[in-house]
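This report refers to the structure that appears directly beneath it.
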């Protein structure tokens, strides 16, 4: 049995992750659950927090105290928290699955450096469908080439704190790489006022934050007379949770290194 720990276990995604671990039919088991040290829920049973009934795993407020109790940590928190957790796992030689978004370029370099010592799966989105879309986007960009305008539209719930979403940025990276462009040079984030005519080489991003939208992403390839749209819509966070647990199981026996869901799904 793969021993899995979830950090941020008292949050919405954390509860979904706990449920997904418990749905593996014995292939994995939740052996540790961690949340903020100042959480009033520390000591509560993780299964009860997730609405699953008692499972005998108390919520801890200190990752360092439970590092011997798991093989892989699943982390969907905040960049500042994740970076601290990476150092803990690095010292304890524990694998990680990271779904945190909003990292800066420099922070991603720190993550890559840590992957020299432990195996890490890092992805902006753990949905199987989204990762299939990334493969389709690469093909579409190569076929349609420079003859289309490319726009990426994403929508999420009102509580999401980063924009554009990590998934939207990853989609932009895939398209830009397929076209031989540098996303940092061609990305346009929102438009306002007298913008002038659209430059063909740009990749536009539009962001919506409203209600309880779990996650919608559309990449638009617009030419004269026709357009192609590749869309993914998530209706439940369990989609991401199951993908993250799948990645945690896949990591067993893997060498140190930085992987993503394309590796996990055999799409690379």
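Yeah, the Cβs are placed from backbone N, Cα and C, and that goes for glycine too.
Under the heading active site, proton donor/acceptor, Swiss-Prot lists 156, citing sequence analysis as support. The active site, proton donor annotation in Swiss-Prot covers 160 and is backed by sequence analysis. Annotation source Swiss-Prot lists NAD(+) binding site at 8, 9, 10, 11, 12, 13, 35, 99, 100, 101, 123, 124, 125, 126, citing sequence analysis. If you look up Swiss-Prot, you'll see 36 marked as NADP(+) binding site. The feature (S)-2,3,4,5-tetrahydrodipicolinate binding site is assigned by Swiss-Prot to 157, 166, 167.
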From 10, 156, 160, the recorded positions whose CA lies within 10 Å of that of residue 166 ((S)-2,3,4,5-tetrahydrodipicolinate binding site): none
Spatial separation of residue 125 (NAD(+) binding site) from the residue listed as 'active site, proton donor' - C-alpha basis, Å: 14
Distant-in-sequence Cβ neighbours of residue 36 (NADP(+) binding site), under 8 Å, six or more positions away: 10, 61
Extent of the NAD(+) binding site in Å [max Cα distance among 8, 9, 10, 11, 12, 13, 35, 99, 100, 101, 123, 124, 125, 126]: 22
Local Cβ density at residue 157 ((S)-2,3,4,5-tetrahydrodipicolinate binding site) - other Cβ atoms counted within 10 Å: 13
Rounded inter-Cα distance in Å - residue 123 (NAD(+) binding site), residue 167 ((S)-2,3,4,5-tetrahydrodipicolinate binding site): 8
Candidates 100, 125: member of the binding-site residues with the richest Cβ shell (10 Å): 125
